[in-house]
Amino acid sequence: MTTRPSPRLLEKWTEQDVHLWLMTEVKVHETLADIFVVEDVSGSHLDVFGKTDILDLGIKHGPAVKITSYLESLKKGSRHESQFPAYVENWTKQQVTQWLLHHVKVYEKYAAQLREEDVTGDCLVCFKKQDFLDLKVKSGPAVKILAELHKLNNKPEPQLQPISDITYLTEKPNPTQPELSLPHAITTNKPESQNKIESETDNVAEDKSENIQQQFNKASEKDGIQQTNQKDLRERRKEIIGTTVQEDKQNITLEIKKILDNLSKDGLKEFHFYEFIKSTNQSIPRGKLEGKDTKDTAKIMTDHYGTYEAVQVTIDILLNINQRPLACDLEKKTGQLKQQSHLSKSLLKKEANQGEKLKNLLTCGGNSLDQYDRFVVVVNKSSPEQVQYLQFLTKLKLFCVLDFDPNSVAPGGLCHSYRESRLANLHTPSQYQGKTDSVIKDLNLCKQTSWIFCNGRHDLDSDLNKELDYKNWLRKSCRDVEQLVSFICNHEVFHHGRSLIIFLLLSPVVTEKDPIVDIYKSFIKHIKEESIINICESQSTYQKWRELIQEKCDFDIEGLSINELTLSEINGTIMALGPFNQSSGRLLPSSGSSAIALKQKDEDFITALDILCLNQCENTYDENSEEFQDFRKNVEEEFFRGGKVKWWNFYFCDKNKDKPFIKRDKYDNVKRMIRSNLRDSKDMCVLLNLFHQPGCGGTTLAMHVMWDLRHELRCAVLKDNTVPKTEVATQVKRLMKLESEKPSPVLLLVDDSTGTENPNDLVSCIRKEVSLNINVDDEPNCKVIILNCVRSHSPKEQFRKHNPTESQHITSSLTQEEQKDFEKKLKELKETHETPESFYSFMIMKSNFDKKYIDDIAHNTLENFDFSQKEARMFAFLALLNTYVAESEISLSLAEEFLGMKMIHWREDSVLDRMKPYSNFLIVHKVEDWGGYKGIRILHPTIASACLEELERSFSLKVSDITMEVLHCDLFFSVGVAKHRLSIQQMVIERQRSKDERGLFSSLIDKVHSQQGRQTVQEIFVKASSRFEKSASIPQALARYLYINECDFPEALKWAEKAKNIKENPYTFDTIGQVHKKQLKSNNNREKQETSHNPEDLNTNIKIAQNAIRAFQSAQKLVNTEDDPEDKAAADKSGDFPRKSYNVYGYVGVLEIAFIVFEILCRLPFFEERDPMKKKYFQSYLQKVIPITSVHKDDNDINNRYVEIIKEHEQFLLGLKTEVKDTFDLLDCYYTYIKPNNSEFDSKNRWTVSGFFKVFVNLFCTATDEMPKERPSNSRLNLKIDIEERRLILEVKHADTFTGILQHLDKPAEEIEEITECYAFLQQKQQFFNKKQQTKETINYIMSKIVLYLLKPKSKHVKRLNHLSDLLLKTLTDVGLGYPFPDPYYLALLLFWPSSTQENQEIVTYVKAIRRSSCKRFSLLRNRSTVAHLYLGKEEGLSRLVSKPQLDENFKDMRRDTLAQLWRNGNIFKTQAIIKRLHRVVGTIEQGEVFANYRKLKIPVRPALIAGTRSGCSTEKVSFYLGFAIDGPLAYDIQYEN
């Protein structure tokens, strides 16, 4: 509003105009302005408003007076102007209180009353005498306050301290000390009786009165105010309380009388009569009321019912006798009296133990906030003055904050303040919809605080982020917020007894039409009210909130509320609770033997890593205290019982040098391995493997080494293996660069791994991420060492397969020295612990994993086992899971639910108590992944296994019985953390590796199969499939079991089809193909043993083969078309190959089926392979040379039926040879052009394909000595035979394709010489071929000449460069830029690549063409790295082409795996042999693209390594080596000029 509207214009204002005026002119808090909108106050309504009307809205007296004053000025058409100095308007309510106490010297109670009513400086200047009187301030003090205000016009500004808080009956805190709340200043115990409460309240009043006397003694003497002693104060306080109650009753009686005076005589009689006929036990007898007047009636009502109950009864009667206006009038007037009464009582009667109450609510009666795993805070609008007292939020383990303040993220807002020191992700309620696990993962819940804006965000401009009034919020946002609440209260998120909801009310909630009321109601739909506490900024806010909850939810929140402490006291109380931060700060090593401080906010970003600091564990406790000694004892006991080792265990041993931590035999080896790789390795990121048997201390050894290296390296443990590798890499880089310009080396421990595949992916991600913006070559300390702890049942065998400088192993067998150390440690434990013999994990290792010892303790513990008891069943479930699934557990909340335990507050020991006598074998521990939760498991895997054996031996309880019991337990599949469900699924389907082989099925299925056979196994699979309805892996696994073990192909196919129907992916289609393949093999093997021929067998087999090939082709098609097959791969390990390695299995499957069909056909009477003529018929028919009717055969019924069947399937059979040849060509391209992944499955497939090719050559390529010796006289026929001979030679030598010719770079020169002769002959006879054949053979001819030159440059068959270039130019002219194969464009790169003397302007066009063509031709190349076979050398002509085998010649003496590693990581290009041989190309990087520059020519190239270029799209000059790949030129070893 830029002009002052007249009263006439005021009447036309809308609710939004009123809101705008209040915000911009009156400058009240937004929450107060919102109340006017909620109550539909437009300009015409505001015009008739008085102060009382504003107070009726629930607005406190201070703001109400200010609004009234501004409104009066508005009606007069004038601008509001203060009569007092401008600085007064800037005073906070705390400074107003201070001025009143220290300068005006009014009574404390008057100052407190003004402060309670939010009288800030801008409100105070609007006060008139009547306003003070309305607040029960006597005339004397009121007049004095106004006089002192006027005097300020002629006096200098008074010096007021910017104090944090001044409260009624509290002393101003010492500014150099943290402010203490009253409960901290006065030691109080929890009340045991009402008398004790009263006594303590009186004592508190005495102590408070002393503070008042000291604070105001001087002022009291000056004003002649007589001080009361402590006894008088106590008596006066009791008197005032009694007087207040009496005054309430009198006022209410008077109000009832006034209302009844409005009734007629008949009306009053009707009132009396209705009261009588209610016929309740509490009704007033009729005789008592009959004939009474209104005064007596009112008195009888209040005497009989009590003060406020009488009001409600009167209102009810008035409504029932149709006197609604009188009822409403009474309700309004008595409501005001009630509120005033509450305020006056709350000022006089404060709870003496509110601080203690707050502590108890937050800590379950303890001293540490660790009692709760998660806090959820619901908060409404805050003011900047309040935010400074809300630092306690940074200390809570906040799961999420539901914020109803749209300005919270702006400067001065609560969210903004929190994010200055902690990390919070900003979300909206709608982001919480979807699958629980996915939402937790996507929003990073449980790792970083989620700050959820429930009613707009004003820092965002979108209309979707505007704050809504209640009506629109209810319509547009309420549903999303209610779904958010439902998500929070989900069993998988909200752990009952370990999670707490806090409603933090920082502004008044004056009406039920407030979103925060709806949210409270939403919460109590899902959880008990006892899980919610309320913290209110003032007593008036609390009283209204309490009334609303009582009315709407029928629940009294008094016992769960804090309302008498100031925000400053609340903040101080919570900040004083444990756990305490290290006083010296957490430190990390940095360059030059320096150290840097690790900030809490930085740790918030690094959620996937548990960071080990230099001063880990130091200065956290008072180490001389009894509390610390108990903590130490518990931590040690937990570890030796079987808990995971903690940094504390090493710290305790370091503090007591006489009792060191046991050093395992391989400790020095591992430490030496890390240091040597850190010093000598040229790799930026190195993977070191520690292979260990489960439960033998491998992880403990790794952490022990890490503890002792924490001063040299920045150390961290990957605590959540589910975090994406790219995210882990980002966090590792962040740790490396924290608080320092120069990177520091990092040691990263990856635990609970079952192989080296995933950590190798992590290595690649770290290399890529770190290389993006760090020049690794210039930073010698830019190193990451990954210590990968790999669980293995055969660690020695795995160790032997790996580089000994990068691997170590540890087994369950102790050396003699280790056994002595364990004996010594047991003696030490006996000194400090009562029963160290019950530390079973320690004792198992001390016994050197003695099987008899483990069996004996299992037998003794399970002596009275009864499977009908819940505790016994729970233990059996744990034994089953812990035996068959590594690192498995059951969440504590699920165990409580199963045992029928319901807890409001957390006490994990209660579960262990309940589980006796099995609890000696159990431990509760924190699980970091899956959002973090408490889990319960058996101490050691060997104990779990021994218990299962004992249950079977002594109680005839087989693993199948326990498994079925688990699968029949509904609870396991309906509530709780999802990880146990995954463990159950893993137990059923995950195949284990034993030595070199993967098992065919999971260990559990193998066990059940060996004990009970198919029926029980199938029952388990069927039940599991019904439990995991959306999992394709279980029916897949059952299909595998049925076709491999039982050869029940129809049933297997049924389950394979079911898996495919659940999810169509390469693996489900492949399973269908595998079922058909196994059936086809089985039929073929059976038929080979039979002497008679049955044509129907052929018919059946061809149909099976067709179905199998279709399935394999579908699987391969899905692999080729997926954007990123690795990311979308299934997570289980149930199939015939590990996930993420399907690649070309579909193509291999097609070949397997085809060659079984060829074998079956070769056994037919007229195609027998042993007979050369019949074999020739076989070849001719499948090559479509002759029809089946022309094949010579005996005329009999069997052969005739064979012919019918062959004709029926002729399309399939005649296409089979071509299908096989095309598949060979595709696989040839795959193995030639794509960078190998070194997986054993790829290697196995390659051998399989190679074997099939030999069979193919034998079947379809007639040997030269079998060709007819005599040539026919017909010259054309002779020429045809010559051409076929040459093509046959090319096919046999695997040189009839461009790919095959490239492979001859690594073969003897004599072979390529013969090949070039064949192609030269075909070149001369091109007039006899079609155009397509001519082009293909010309391209192959040119490539063969290039390979011949590189292998044997002096051969007589070598052609000059000009000849080859001319021939290629002619070919390129013919094919243009749309040729379906990249081959001609590849040749163009080789022959036309620019040099220092010449450049071809078309080269850029050829680069684009090869990229386009290779992408279309080879779907297998999608998302895979290609390799170069030729590189650009320093010479001229064809001599500048250098092949990879030629480069490898320089490293003859190097081990092949070492050489392969040099090529993989690019370090090969740093060797002198390569530098001397290859030409370094000069180029640029622009917008992230790499270009090779030749004068004005810019040729696009691709980085060969993923991490080849930096991020930031900076334009830089670079140089690199150039390689030629089938999809274009590659840049190797990119170096930046600057």
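Note that Cβ sites are derived from N, Cα and C of the backbone, with glycine treated the same way.
Residues annotated as compositional bias 'Basic and acidic residues' in TrEMBL: 1084-1096.
The domain 'SAM' annotation in TrEMBL covers 13-59.
Using DSSP to sort the residues of the domain 'Pyrin' (260-336) gives these counts of helix, strand and coil: 57 helix, 0 strand, 20 coil. Summarising the annotation, TrEMBL assigns domain 'Pyrin' to 260-336.
Here the region 'Disordered' (1078-1098) has long-range neighbours at 1043-1044, 1047, 1049, 1104-1105, 1108, 1153, 1156, 1159-1160, 1163-1165, 1198, 1201-1202, 1204-1206, meaning same-chain residues at least 6 beyond its ends whose C-beta is under 8 angstroms from one of its own. Positions annotated as region 'Disordered' by TrEMBL: 1078-1098.
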*Reported in the order helix, strand, coil, what are the DSSP residue counts of the domain 'SAM' (13-59)?*
31 helix, 0 strand, 16 coil
*Taking helix as H, G and I and strand as E and B in DSSP, count the residues of the compositional bias 'Basic and acidic residues' (1084-1096) in helix, strand and coil.*
8 helix, 0 strand, 5 coil
*Averaged pLDDT, computed only over the residues in the domain 'Pyrin' (260-336)*: 77
